[in-house]
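Novice: Sending over a structure as structure tokens; questions will come in a sec.
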Amino acid sequence: MGFFLFFFLSLLSLASSASRVDQKTFIVRVQNEAKPSVFTTHKHWYESSLSSVLSPSTPIQLLHVYDSVFHGFSAKLSPTEALKLQTLPHFIAVIPEQVRHLQTTRSPLFLGLKTTDSAGLLKESDFGSDLVIGVIDTGIWPERQSFNDRNLGPINSKWKGQCVTTNDFGSNSCNKKLIGARYFCSGYEASNGKMNETSEFRSPRDSDGHGTHTASIAAGRYVFPASTLGYAKGVAAGMAPKARLAAYKVCWNAGCYDSDILAAFDSAVADGVDVISLSVGGAVVPYYLDAIAIGAYGAAEKGIFVSASAGNGGPGGLTVTNVAPWVATVGAGTIDRDFPADVKLGNGKVVTGAGVYNGRGLSPGRMYPLVYAGSGGGDGYSSSLCLEGSLDPDFVKGKIVLCDRGINSRAAKGEVVKKAGGVGMILANGVFDGEGLVVDCHVLPATAVGASNADEIRQYIDSASKSKSSATATILFKGTRLGVRPAPVVASFSARGPNPETPEILKPDVIAPGLNILAAWPDKVGPAGIPSDNRRTEFNILSGTSMACPHVSGLAALLKAAHPDWSPAAIKSALMTTAYTVDNRGETMVDESNGNTSTVLDFGSGHVHPTKAMNPGLVYDITRMDYVDFLCNSNYTINNIQVITRRNADCSGAKRAGHVGNLNYPSFSAVFQQYGKHTMSTHFIRQVTNVGDPNSVYKVTVRPPSGTLVTVEPKQLVFRRGGQKLNFLVRVEATAVKLAPGSTNMKSGSIVWSDGKHNVTSPIVVTMQQPL
């Protein structure tokens, strides 16, 4: 309530001086079925309502009208007008628009999805056939082989979507694989003016590459041979190769606007998708002010699984986004493949790095002059980052240049070096980036090195300078390496918990492959993703939680195909309780940023294990009323809750639920405030549904977080039939620890239910907070 009150107080303060130039986009929530009978359509009523708050000379323009996941519209308003609109009858909330951004071969095999298996998830689900995955992103390049419809059956009659055709997206762009394509740009153009159609397509066609890449990860067909610039050779395939795709383009050159994202959710639900994949994110706000959370709730209520990227703000804590409990929040891990490109220094040392390049390379055996970009005079900060126009050609010509990460894109730095006459680039991680190595298809020979190796290279350059000798180096490209250990590793950039909005719900939920992933790429975009790159490739290698999210979206489609009666919450539970936390060395997964053991705040329940998720034994299901109780216990007002749920909320049952952490979630998070107390306690009530053998007995094993006492009652669950539901109670007692004011202490453990065949695993996290 505080945030909402703050927002309207802000509107009041702006309103006195606001004019038409202060307009911005607002999303307006209206009561369901509130349309007076005098109006023929909701749109007609909305326009009439707007006319009552706008000046007579102002044209009325609705950007979008929503009806599937949200009841209302979006429009451009001044703060004064937004405030007036809020006072009208039947108008529940006025939500300020947020601008979101993208969070950006071998992964099916790494995940254990083998086409040769006589049984297994691919076989049981018929490769996801007839399920529809809606991808909300930058659009799609439909001609790519990943989207061919060879040997696919007819489109299910339940599908109500359409293929929006334009001059550059003809009627033959869709087929039995890509069965729907729409675009939404009203919110984008309301904030930025008419789009420049020489640099982006006013159609579902992808001018960025991100949407084509994510769509093919989720549901690309088998394509052989597949590679990018000769790297990562093999068969490319999505998670659900026979699933159908629908592309909803909402992201443009200036970002992805909430009003357009909500319109895409609205259309996707009405069209009949089964899964929604969303690889965009922004600031975390209360759920009733979050268009993605609102749209995802409406989708989940209709039985649609929603997967979203956790964000690329790692490795710092509290960076996770898309944290609503009805969304599967996906972080990123590595796979057992990398692209070594080491740096050989003039002093004989070899520093490890990673990169892909197949153009005119460095001469074998030759050492090149090596310089640090920040030492070239002028503005040392700009030049150290290799920003546009910052490098002196006299300083870098014919040399390998060490550039620091930050501000501009990694590929853009390579372009800056090349334009200034450099022959190669070493991209240096900063302290915050740690040791995580992300490869790009650079326009010149280039490699990425971790923070400690970057320091070593700088020290070598400094020592050579002090001894009046020239620093030299070369880059040794070693192609594609498979069977890398350890793997998986939590990617350095992958956003981390705790959950900033609801600490009692552990986020991210799981991690999936997201580092250096090969997938389809548009024809008119170079693999470096910059305008000067004229190379063309069918596939490209990208990294980000953007790439991890569609892995889970595709897996959810497979699970839904194998288990049509499972709810989105049951599917998510299956993925979470069967996830693993041990790498291919048999040790707990490490954190790529520092090489230390990672924690549940990094990986949530763990790395997805698709074959086990098909048969989890038990699931934690969640009903609509459970979510309402959760929102009530989050201290949201009835009005706030109605914005999300589209119904009048009844909070009378919330007291029975007890507290916000009692949502029937597959993980446990207890947060204790140490107000001078020596011992603290809480409890969790959970209900599990038997989806395994009809007659089965599950016994519990508790590994309590250190310094806590965790008890579970009963210690045994006896099931007599499939679909049977049984409850259990978890009590957590914690002893205060010595903490500085404002600091926290987090410990984790696990609760495992086992019948000898299935291990249903849930992490349990206990956080101690010392108030200021």
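For all residues, glycine too, the Cβ spot is worked out from N, Cα and C.
Pulled from TrEMBL, these are the listed features:
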| type | residues | note |
| --- | --- | --- |
| SIGNAL | 1-17 | signal peptide |
| DOMAIN | 25-103 | domain 'Inhibitor I9' |
| DOMAIN | 128-595 | domain 'Peptidase S8/S53' |
| ACT_SITE | ASP137 | active site, charge relay system |
| ACT_SITE | HIS210 | active site, charge relay system |
| DOMAIN | 368-457 | domain 'PA' |
| ACT_SITE | SER546 | active site, charge relay system |
| DOMAIN | 662-766 | domain 'Subtilisin-like protease fibronectin type-III' |
Novice: Let me check the 10 A CB neighbour count of HIS210 (active site, charge relay system). How many other CB atoms are there?
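Specialist: The answer is 25.
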Novice: C-alpha of HIS210 (active site, charge relay system) to C-alpha of ASP137 (active site, charge relay system): distance in Å?
Specialist: 7
Novice: List the Cα distance (Å, whole number) between SER546 (active site, charge relay system) and ASP137 (active site, charge relay system).
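Specialist: About 10 Å separates the two Cα atoms.
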Novice: Mean pLDDT for the domain 'Subtilisin-like protease fibronectin type-III' (662-766), rounded to an integer?
Specialist: 96
Novice: Sort the residues of the domain 'Subtilisin-like protease fibronectin type-III' (662-766) into helix, strand and coil with DSSP and give the three counts.
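Specialist: Across the domain 'Subtilisin-like protease fibronectin type-III' (662-766), the residues distribute as 1 helix, 66 strand, 38 coil.
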Novice: Validating a neighbour-count step here. Other CB atoms within 10 A of the CB of SER546 (active site, charge relay system): how many?
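Specialist: Taking every protein chain into account, the count is 30.
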Novice: Pull the DSSP breakdown for the domain 'PA' (368-457) and write it out as helix, strand, coil residue counts.
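Specialist: Its residues fall into 29 helix, 22 strand, 39 coil.
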Novice: Any same-chain residues 6+ apart from ASP137 (active site, charge relay system) with CB under 8 Å of its CB? Would you list them in sequence order, or say none?
Specialist: LEU102, ASP206, HIS210, GLY211, THR214, ALA215, ALA247, TYR248, LYS249, VAL250, CYS251, SER277, LEU278, SER279, VAL280
